[in-house]
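Participant: Below, the features straight out of TrEMBL:
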- 1-21: signal peptide (SIGNAL)
- 87-478: domain 'Peptidase A1' (DOMAIN)
- D105: active site (ACT_SITE)
- 126-147: region 'Disordered' (REGION)
- 289-313: region 'Disordered' (REGION)
- D359: active site (ACT_SITE)
Amino acid sequence: MAGRRRVVVLVVAAALLVAVASPGASGKSARFELLRLAPAASLADLARMDRERMAFISSRGRRRATETASAFAMPLSSGAYTGTGQYFVRFRVGTPAQPFLLVADTGSDLTWVKCHRAAAAASASPRNASSLPAPAPASPRRTFRPDKSRTWAPIPCSSATCRESLPFSLAACATPANPCAYDYRYKDGSAARGTVGVDSATIALSGRAARKAKLRGVVLGCTTSYNGQSFLASDGVLSLGYSNISFASRAASRFGGRFSYCLVDHLAPRNATSYLTFGPNPAFSSRRPSEGIASCKPAPAPTPAPAGAPGARQTPLVLDHRTRPFYAVTVKGVSVAGELLKIPRAVWDVEQGGGAILDSGTSLTMLAKPAYRAVVAALSKRLAGLPRVTMDPFDYCYNWTSPSGSDVAAPLPMLAVHFAGSARLEPPAKSYVIDAAPGVKCIGLQEGPWPGLSVIGNILQQEHLWEYDLKNRRLRFKRSRCMH
């Protein structure tokens, strides 16, 4: 084929010289005669070459579609069936892709998976195996095999990435080729230890046609030792925190500068699935949905126009270095039954030791002491007619069973969190007066230290669609069934 192309080029070049030298040539145009210098191909050959060309055209079309796709989605579900208060997302990483179930955590900047220890040692080098942490306390159901991934690349401990971009990396670096080791600690006392590298995640692009693509350069921890109850039912953590190394930042930078999620009822069964979406979410578009409540099912994303989305509210997303990797919001106050409570402004002010964050990895909402005391006093006042019972870890629990054995039909006061920009979060009553046991309901809030941050946990966020617009520093939210 290459030889044939050279012959055609020579013939055309010779014809051009003749045309230029011809006395009758006008200089404005030239006519060439196309000559077939090779024997005529059979129809079978022509058909075969046409198929090869079509395959080439199709591959280019798929590549362009991948490059211009506006969003992708990942299935998200409650972990109640495992006895945890986390939400799990399905995640595929490596080449070929290996499937995992990870905790969706807006408070983490490191994505990690439980790793096969022998494979982790092999993917580093024999001389580096002794520097790896102690074995994991339990044998997980699924483990990542870095030695089986063609796209896995360990990050050397001597690299600038390890030394400067990973605040959880360990200082020890026996030789420059050693893998970058980490000891990641969580506020609940749990921890994960291992080595970090980069790999590719497989994502499902949104749209009518099911297409998959690779998101390259994902920072990934290969965890060989961990502790904490929250990790027993999952394969690791998907980092959705505000950080230049988190999965959220990596994916959002490629897909519209934003991500969104919808949390189903925290007690929902395993098959109740919503989505974690990167890129524009159609539920925040100006097109009015056919139903009054948004659906979280991924679909072809129209041009976003959040201000026109029915029922959507927005407030500034505070990306403050003092609260990183968490996402902070400005709270103006809390009301119960329409009455704004007397809570010191300092409680919501980062400058004065307060502030508020959203955290999908925390179950129960924790309010700094002055806010907690005011809110539970207002709620318990309106529940005073119900018999109190004792149940850890809550301060206010009630017997919700009538003498006939049925649930008490007691009206619940409305709780509202008032954000900057006149946006209000008005969660369903079951999100703050929660089912704690059969026939027992509790005020589902926890008292936090003061000074200290208040944390809006995932139960208070449930049955809402939340969009983190990192590019424009906006948080949007609206009520939703969260079911596809």
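The backbone N, Cα and C atoms fix where each Cβ goes, glycine too.
No curator has checked TrEMBL annotations; they are predicted automatically.
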Participant: What's the CA to CA span in angstrom from D105 (active site) over to D359 (active site)?
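Facilitator: Each residue's Cα considered, D105 (active site) and D359 (active site) end up 7 Å apart.
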Participant: Might you list, by sequence position, any residue in that chain lying six or more from D359 (active site) with a Cβ less than 8 Å away from its Cβ?
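Facilitator: When sequence neighbours closer than 6 are ignored, D359 (active site) has D105, T106, G107, F326, V455, I456, G457, N458 within Cβ distance under 8 Å.
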Participant: Please report the number of other Cβ atoms within 10 Å of the Cβ of D105 (active site).
Facilitator: 28
